[in-house]
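As written in TrEMBL, here are the features:
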- Gly30, Asp31, Asn32, Ala33, Gln34, Gly35, Lys36, Thr37: ATP binding site (BINDING)
- 2-365: domain 'RecF/RecN/SMC N-terminal' (DOMAIN)
Amino acid sequence: MYLTDIYLNSFRNYNKLELNLNKNLNLFIGDNAQGKTNILESIYLLSTGDSHRTNIASEMVNWQKNKSYIKSNIYKNGQDFKIEVLIEGRRKKVKVNSNKLKKINNLIGYLNVVIFSPEDLRLVKGSPSKRRKFINLEISQINSYYRHNLKEYSKVLKQRNNLLKEIREKRSSKDMLKIWNQQLIELGSKIIAKRLETLDKLSILARLMHRKITDGLETLELNYDSTLDLDDTWSLEIIKNNFTERLSSNQEREIQRGVSLFGPHRDDILFNVNDINIRKFGSQGQQRTTALALKLAELEFMKSEIGEYPVLLLDDVFSELDNKRRNHLLKVIKNKIQTFITSTQLNKLNEIEDNMNLYKVKKGKVVKMKNG
Ligand SMILES: Nc1ncnc2c1ncn2[C@@H]1O[C@H](COP(=O)(O)OP(=O)(O)OP(=O)(O)O)[C@@H](O)[C@H]1O
C-alpha cells in the first residue's frame, strides 16, 4: 500500500502543500522546527483520525485559520481510494471516496501506518505508560473494536476512581462499586485478552528480527506483565475470574488509595534478552536494538493481519541509529515498504538509495530536490 500524493491546506505551518509521492522512499530534510514532522503527522491523521502528538485537534489547524483540510490518494490491494480529513475547531470530519464516515473510528483499516520516532527508541527504558501506548496503538490500528473498548474503559476507570475517592470520604456507599466493577472487568478483560494474543505473535516476529540484527547472538523475549495473576494458559474466562477475585479481595485497599489498582491501565510489557531484563540491566545499544526489532516486527505483524505492508513513518529516528542498524532497516524496507523519513541531514541516503524522492523543507515550504 502507498500514498500516491498528499494535499495539505492550512495544516500546521503549511498554507497549501501538494506533493506527488514516491512509492518507495520519501526523504524530508530540513533544520529543526521547519515542518518535517507536520507532514508525517498529517499521514498519521489520515490513517487513524488522530494525531500522534496531540489529543486536541484544533492544535493542528494553522494559527491564522479556523479550518484545516488534508487529502490523499492511496493505492491498496489493487485499488485506488481517497481519504479526506477536515478539522474545524475541535471537530473532525472524515470522507473515504467522498462518502462521509459516521464515526472517525470507522477510518481505521483504510490506510495502515507504523510510526517510529525517538520516543520509540526509549520504549524499553521509559515508563510503563509508553509501552501501554505502544501496544494500544498497534492493536487499535487493525481493530476498531479494541479502540472502542479502550475508550469506554478509560471512561469507566475515571468514574470508578472518582467513586473510590467518594467512598473513602464517606460521600458514597460501597454498593455503588458493583456496577463499575462489572464494567471494568468486562471491558478490561477483553483488552487484556487482545493484548496477550497480539503480544504472542509480536514476540515471535520480534525475536526473529532481533536475531538478524544481532547476528544470532541474542534472543529477545516479550512478556505481558499483568497486575492480574495470569500464565500461558489464559482465556477470557480466566482473566475475568482473576480480575473479579482481585477486585473483591483488594476492595478496602483500593478505597484507601482512592484509585483502581488492577487492570490493563496498570499492566506492562517485559523485554528479556538472553533471559536478562534489559529494561533494568541492558545497555543503551541493546535497548535500541530491541526497539528497532519491535518496530520491524510491527511491520511484519501488520502484513500478516492485513495482507500488505503498512506505510512506515520514520520521524527523526534515522540519524539516531548507527550504521549497522540503519543498513538493516534499509534492507528490510527496500522496494517493498513505502517509507517517509525526516532528518536534519542526508545521512548518505541519497548515495545508497536511487529510487527515492528528496525534499527540502523550510518554513512550511517544500521543494523537491530529487525525483526517484
Ligand atoms: N497550528 C500551527 N500553525 C502554524 N504553525 C505551527 C502550528 N503548529 C506548529 N507550527 C509550527 O511548525 C513548526 C514545527 O514543525 P515540525 O514539528 O514539523 O518541525 P520539524 O521540522 O519536524 O523539526 P524537528 O527537526 O525539530 O523535529 C514550528 O515552527 C511551529 O511553530
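Yeah, the Cβs are placed from backbone N, Cα and C, and that goes for glycine too.
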Neighbourhood of ligand 1 - binding-site residues from Asp31, Ala33, Gln34 with Cβ under 6 Å: Ala33, Gln34
Among Gly30, Gly35, the one of these binding-site residues whose Cβ has the fewest neighbouring Cβ atoms within 10 Å: Gly30
Residues that sit under 8 angstroms from Lys36 (ATP binding site) by C-beta distance, when 6+ apart in the chain: Phe28, Ile29, Gly30, Asp315, Asp316, Thr342, Ser343, Val361
Cβ neighbours of Asp31 (ATP binding site) where a neighbour is any other Cβ within 10 Å: 10
DSSP three-state assignment (helix, strand or coil) for Thr37 (ATP binding site): helix
Among Asn32, Gln34, Thr37 [binding-site residues], residue with fewest other Cβ within 10 Å: Asn32
Spatial neighbours, same chain, of Ala33 (ATP binding site) - Cβ under 8 Å, 6+ residues apart: none
Across the domain 'RecF/RecN/SMC N-terminal' (2-365), average pLDDT on the 0 to 100 scale: 93
ATP site, defined by Gly30, Asp31, Asn32, Ala33, Gln34, Gly35, Lys36, Thr37: further same-chain residues with Cβ within 8 Å of the Cβ centre: Thr342, Thr344, Val361
